[in-house]
Amino acid sequence: MTSRSVCEKMTMTTENPNQTVVSHFFLEGLRYTAKHSSLFFLLFLLIYSITVAGNLLILLTVGSDSHLSLPMYHFLGHLSFLDACLSTVTVPKVMAGLLTLDGKVISFEGCAVQLYCFHFLASTECFLYTVMAYDRYLAICQPLHYPVAMNRRMCAEMAGITWAIGATHAAIHTSLTFRLLYCGPCHIAYFFCDIPPVLKLACTDTTINELVMLASIGIVAAGCLILIVISYIFIVAAVLRIRTAQGRQRAFSPCTAQLTGVLLYYVPPVCIYLQPRSSEAGAGAPAVFYTIVTPMLNPFIYTLRNKEVKHALQRLLCSSFRESTAGSPPP
């Protein structure tokens, strides 16, 4: 069965006999030859396993170690949970499409759910990076005010607000996208349901959607990025005033990991969402990096340069090993 014949079964007739609407979509996915499908499946399985295991390990470490009680580690736990979920929204469906042609099919409702979940998690991560930058600004530039400003209650409230704003932001985009009429074709030239490739299939005017998407990038994403940049300008200025090189390195070390994460988060989406609507080539690589590779890299980025997290991981692994050894019967 070809993708064309599959797509023909994904439309249903409306009250108007001359008009059909799409009931399912066909995710064309990544471009690869059939003989390489098994290799790509194993590659994505490996990446997904590392992503989920790495992020859940960070989450478990932050939640169980009393030495990681600072707000920055509280927010790192939220980031790890977001990355594990973000990878879960996209990668399993990609892997299903690598196995069978039917694995590339997604229902209209399933597409809406995937789009909502992706933008909910990605938007929340965007706001979380801003909160993390503000946390570092207070810790370095306002150290005396920091314990009062970033107490446990404030951390919980700020994290909750980022999740609430992310959910609202995703709901707006999802409702605007799926209020449109989709009457064919049903081929999404992408590996998951995202706003630009889905809008290309709409049979009605998408001007409002495109304006809202550009406004979202201009106001939400750019606004968060500006706040992050301003925070780090003050941070760098404060770090440069520290007299010892060791003090400067200790103060700025957590910030370098955050800056790396911010760059990996912002650069690929800009390449995706700001390219012309008619352009499909070139979107795949940044999208794969943004949705699949970055969530895998974040645990390494935030642990390799952070001695506290590395020591906490060692304590957790050693404790787990001792418990498993003590529980095993003697030879």
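Cβ coordinates come from backbone N, Cα and C, glycine included.
The membrane topology recorded in Swiss-Prot places Glu28 on the same side as Cys186. Annotated range for transmembrane segment in Swiss-Prot, selecting from 91-111, 154-174: 154-174.
Around Cys203 (disulfide bond), a 10 Å sphere centred on its CB holds 14 further CB atoms from the protein chains shown. According to DSSP, the topological domain 'Extracellular' (175-211) comprises 14 helix, 2 strand, 21 coil. Within its own chain, the topological domain 'Cytoplasmic' (232-251) is flanked in space by residues 133, 136-137, 140-141, 259, which lie at least six positions past its ends and keep a Cβ under 8 Å from the stretch.
Listed in sequence order, the residues of the same chain lying 6 or more apart from Cys111 (disulfide bond) and placing their CB within less than 8 Å of its CB are Phe25, Ile188, Cys193, Val198. As a summary of secondary structure, the topological domain 'Extracellular' (89-113) carries 20 helix, 3 strand, 2 coil according to DSSP. Here the topological domain 'Cytoplasmic' (60-67) is broken down by DSSP into helix, strand and coil counts: 5 helix, 0 strand, 3 coil.
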